[in-house]
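Student: Take a look at this one; I'll ask things after.
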Amino acid sequence: MSSLVTSLGLGLPLKLAADFSVIPSIYIMKRNQRHFEMFIGILHVVVSVCFNVAEISSDKTLFLPSNQWHNMLEVLWVAFLYLLSVHLLVIPSENVCIALRYTGFALAWIMKLKDGPQVHTHSLLLVAVAFSGVVLRRLVFRSPKMLPLARTEACIAVMLAAFCTCMYFYHPLFSLDPTYVRSLFYVCLGGFFFAGWKCVPSPELTAKKFDDCDIVFSNYS
């Protein structure tokens, strides 16, 4: 009975917020004309909704069992994180970016198959390697022609990433219902994606702002 109250009470709007948390990021992808990332984002929303509908159905099935929807959703979360890291790398060669995107999606799928249900060892390793590459490129192998990051959005993304990391590792210590904790985690993760995608300026802003050699200060660093 309590689980039913949870699913129909505060848990329901939280689940809906988690389902749609990547939509703001999809808007940024559309603006940047990143069609493959848009495909992954839209598929993520569809799969997330299907999973939650399957969860509240009597037989926990919506064409596929809820656990299969959940496994697909985890693949898409990992792929979304990897694609964000490719975006932050700002590699000038579009062919290289395309290869990295498709390779990352394939690796996310393979790593999740290797992990199996409720295990995230290899998936997290893939994400850690991807974002380590971002840190190395930004701080160690920085190119003078590399687009800077928006300071405000970068700080917000870092704070949300730290908060999500703490929730992931310390969620058993929380006294809240697991449904609330899980949904809040994904809402914050969606905010991290949005701030992360906004870190790199859009092509229109790039052409206008960063080709001007007279600029002495900007909100980017």
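Along the chain as shown, residues are numbered 1 onward.
Yeah, the Cβs are placed from backbone N, Cα and C, and that goes for glycine too.
Below are the features listed in TrEMBL for this protein:
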type	residues	note
TRANSMEM	36-54	transmembrane segment
TRANSMEM	75-102	transmembrane segment
TRANSMEM	122-140	transmembrane segment
TRANSMEM	152-171	transmembrane segment
TRANSMEM	183-200	transmembrane segment
Student: Same chain, outside the transmembrane segment (36-54) by at least 6, Cβ under 8 Å from its Cβ: which residues?
Tutor: 15, 18-20, 22-23, 25-26, 29-30, 60-66, 69-70, 72-73, 76-77, 79-80, 83, 87, 98, 101-102, 105
Student: Using a cut-off of under 8 Å between C-beta atoms, tell me which stretch among 75-102, 152-171, 183-200 contacts the transmembrane segment (122-140) the most.
Tutor: 75-102
Student: Excluding the flanking five residues on each side, which residues at least 6 beyond the ends of the transmembrane segment (75-102) place their CB within less than 8 Å of a CB in that stretch?
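Tutor: That would be 22, 25, 34, 36-37, 40-41, 43-44, 47, 108-109, 111-112, 123, 126-127, 130-131, 133-134, 137-138, 145-147, 149, 189, 193, 196-197, 199-200.
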